[in-house]
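Q: Feature table excerpt (TrEMBL):
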| type | residues | note |
| --- | --- | --- |
| DOMAIN | 65-175 | domain 'Peptidase M4' |
| ACT_SITE | E168 | active site |
| DOMAIN | 181-340 | domain 'Peptidase M4 C-terminal' |
| ACT_SITE | H264 | active site, proton donor |
Amino acid sequence: MSSLPYHCVCCIIPSRMLRQLAEAAHLSEEERACLLDQCELSAHLRGQRSVMPTLAATQRTGEQRRTIYDARHKTTLPGRVVRTEGAAAAKDAAVNQAYDNAGVTYDFFHTVFQRNSVDNKGLRLDASVHYQRNFNNAFWNGQQMVYGDGDGRLFHGFTAAIDVVAHELSHGVTQYAVPGGLVYEGQSGALNESISDVMGSLVKQWRLQQKAADADWLIGAGIMAPSVGKALRSLADPGNRTLTWSGDDQPKNMADYIQDGDVHSNSGIPNHAFYATALALQGHAWEKAGPIWYKALGLLTPNASFADMARATAQAAVLLYGSDTAEQYAVQRAWQLVGVQLESS
Ligand SMILES: [Zn+2]
């Protein structure tokens, strides 16, 4: 369907990380082969993006409609229905976590941005748990959330981490909120990733009612074994391996931009710009910095660069708070800090 906005199969764990873990960890040949298979699968899933069949009709009710499926360790989606909206908790913790965290994410977008689900038209939130066996990833496939259980050795599963769930659902928001979506490669791809990290962190802070200065600003804390690391990424200090994991290569300034780098790497630059804006504006990050970033989404085009995002957020700050305001200056200074020029070159 050519009218569908551009969407991606966006995995929370980059293939690069799986490959690196396969090389570094003390694994059996079997475990190593399994990890490398999962890299292949991630690449394959990404290649599938334009030919995804429609899984389920959208429910445009304006109300939350969550449906959790059990893929029963297979790759066929969505699987068997195990919990529907309003139904009692299941015995399966992954089912309840996927359900609850999708609910918090929905409530965040609805309460903070007055957005009605990912498409702003009440799209039902479908999620499948127990995807494949020992699958070390979670992803949004353009239509639904999909969660592996992790292999229990490197990763513990993904449904318990609210920021991971919100990160993935936010790929859906980007798909609809940016006119035409954001192409998942180069700077637009890194922006796509960054917006999901920003929203993922905001949802976590909102649930914890944390001020910007008190938040950990980590993505994926708690999903991995201590031998792997503490988190996937830090918005406060991208590339700081003591806060994250041993292969974290995120730059936080354009001077260190990685040419042809992974979208999960270069996203450190816009991530840090958001963090700097939120810290400068103090208080809760979702009260001022969040709305500026959210409003900017509607001003982007599918191939937007970091400079386009800098201009869009500066413009959004003016639209929301006026010119010559603390909000406008905070945005401008944050992009300066990460080395992104607001003026066209
Ligand atoms: Zn992502």
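Any Cβ shown, glycine's included, is placed from N, Cα and C.
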Q: Cα-Cα, whole number of Å: E168 (active site) versus H264 (active site, proton donor)?
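A: So the alpha carbons of E168 (active site) and H264 (active site, proton donor) sit roughly 13 Å from each other.
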Q: Check the DSSP secondary structure of H264 (active site, proton donor), expressed as helix, strand or coil.
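A: In three-state terms, H264 (active site, proton donor) counts as helix.
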Q: Restricting to the chain of H264 (active site, proton donor) and a gap of 6 or more, list residues whose Cβ falls under 8 Å of its Cβ, or answer none.
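A: When sequence neighbours closer than 6 are ignored, H264 (active site, proton donor) has P14, R16, M17, A190, E193, L232, R233, Q250 within Cβ distance under 8 Å.
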Q: Mind tallying the domain 'Peptidase M4' (65-175) by DSSP state, helix then strand then coil?
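A: Split into helix, strand and coil, the domain 'Peptidase M4' (65-175) gives 35 helix, 22 strand, 54 coil.
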